[in-house]
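According to Swiss-Prot, the protein has these features:
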- 40-46, 68-70, R337, 363-365, 445-448: GTP binding site (BINDING)
- D41: active site, proton acceptor (ACT_SITE)
- D41, E42, G43, K44, N66, A67, G68, H69, T163, R177, N256, T271, R335: IMP binding site (BINDING)
- D41, V331, T332, T333, G334, R335, K336, R337: substrate binding site (BINDING)
- D41, G68: Mg(2+) binding site (BINDING)
- H69: active site, proton donor (ACT_SITE)
Amino acid sequence: MSAENESPGLPNGGACCASATGHFLLVGNKVTVVLGAQWGDEGKGKVVDLLAQDADIVCRCQGGNNAGHTVVVDSVEYDFHLLPSGIINQNAIAFIGNGVVIHLPGLFEEAEKNLKKGQGLAGWEKRLCISDRAHIVFDFHQAADGIQEQQRQEQAGKNLGTTKKGIGPVYSSKAARSGLRMCDLVSDFNEFSQRFKLLAKQYKSMYPSLEIDIDGELKKLQDYADRVKPMVKDGVYYIYEALHGPPKKILVEGANAALLDIDFGTYPFVTSSNCTVGGVCTGLGIPPQSIGDVYGVVKAYTTRVGIGAFPTEQNNDIGEMLQTRGHEYGVTTGRKRRCGWLDLVLLRYAHMINGFTALALTKLDILDVFSEIKVGVSYKIDGKNIPHFPANQEVLNKVEVEYETLPGWNKDTSNVRTFEELPENAKKYVQFIKEELGIPIKWIGVGKSRESMIQLF
């Protein structure tokens, strides 16, 4: 490329094109996004794993090690909380964006645990890139999380059911402008130490029972700073170059899910970040036009961990059966998940916010034993249909769900590998969901392994 043709100020001479109005628009690679469409645990890890096989960069854009993704490769089950699960692709770069909050002991512990399981993580430190603008979770954030939960329990008789990973407190520090970022850790350590001491002091005054070994913590952080320094990059420029350089496949794996979003979820029983599509732009520093496909991951029924409204919940044999057959325990907390029928009101709402281009319907095989299957299609309050998903939790707790009953298929689908092989009623169930939501279904999951994802188009 000659010097005259190079776009000024664009890394790699990124291409431009003129619009009809004469303004210059950037064109580049698009990112593919995978998001949870319910309350988490939908099987996002499996969809990401499928797409990550030929990805060049796999990103996390929000949340911390409160997320839990399980990926099975060559019969080895890897658990990811903070690391993008695409890190098991030896040819991809795993990128942790500025919207993610990082607990350094948790990061290294997670990598070491997975290294012991199999070869998937070999050489991970060379494949991980961390935004210098990402905030750091300290041990006292985690301790404060536990104290806050205890206080909620004592004062209100119920807590939020957080993972006690310090996520809420660190996002609070970020919003209060007292947090510390990766760029602070790897720059002047004396300056970092002063700010760390000040933040620790603030936490001590808020929570007098908090014990913080400041010198011990700083010594550990100094060690982490040395280990992590080669991985820390200016995330904005890194992602910009990836978008506007040579063709690349860039994948974003969302953590948590739409109904756990701080703005759009079932507040206050939500996480502390935006886990809808807007969080991808703010958590990576990319413009909306760089977003390509947005895949929503939907479990064939609904689950929720912890407390909060759950209109289609089944506190009965059906819920028990779903729980047992689906092995519904949280990856991060080990807590039993609450189970219920699929809720289309909730999914329409998630689609309004995220604009899914296609869905992955997972765990269809869990429904194999039911003679009839119900699907929540609308909500009523005092006998009147409500046209929207209520923001207020008390209102959501009161809704009556209108169900559509579909016939079950009573056949094992776990070895099915094409849509045509599915039992007739299973096809009808998938078709019903697709038509009601108006979103194409691209994958159907009928088991744990990578091979058990049936691709439709």
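Backbone N, Cα and C define each Cβ position, glycine as well.
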Cα-nearest neighbour of G43 (GTP binding site) within the listed binding-site residues, T163, N256, T333, G334, R335: N256
Residue among the binding-site residues G40, G43, G68, G334 whose Cβ has the most other Cβ atoms within 10 Å: G40
Listed binding-site residues (N66, T70, T333), ranked by Cβ neighbours within 10 Å, top entry: N66
Cα distance (Å, whole number) from V331 (substrate binding site) to G40 (GTP binding site): 11
Euclidean distance between Cα atoms of T333 (substrate binding site) and N66 (IMP binding site), Å: 9
Which of R335, R337, all binding-site residues, has a Cβ with the fewest other Cβ atoms inside 10 Å: R335
Spatial separation of D41 (active site, proton acceptor) from K336 (substrate binding site) - C-alpha basis, Å: 12
Protein Cβ atoms within 10 Å of the residue listed as 'active site, proton acceptor', excluding its own: 28
Secondary structure at T70 (GTP binding site), reduced by DSSP to three states: strand
Local Cβ density at T163 (IMP binding site) - other Cβ atoms counted within 10 Å: 24
Neighbouring C-beta atoms (10 Å sphere around the C-beta of N256 (IMP binding site)): 29
Which binding-site residues sit within 10 Å of G68 (IMP binding site) - Cα, from T333, L364, V446: T333
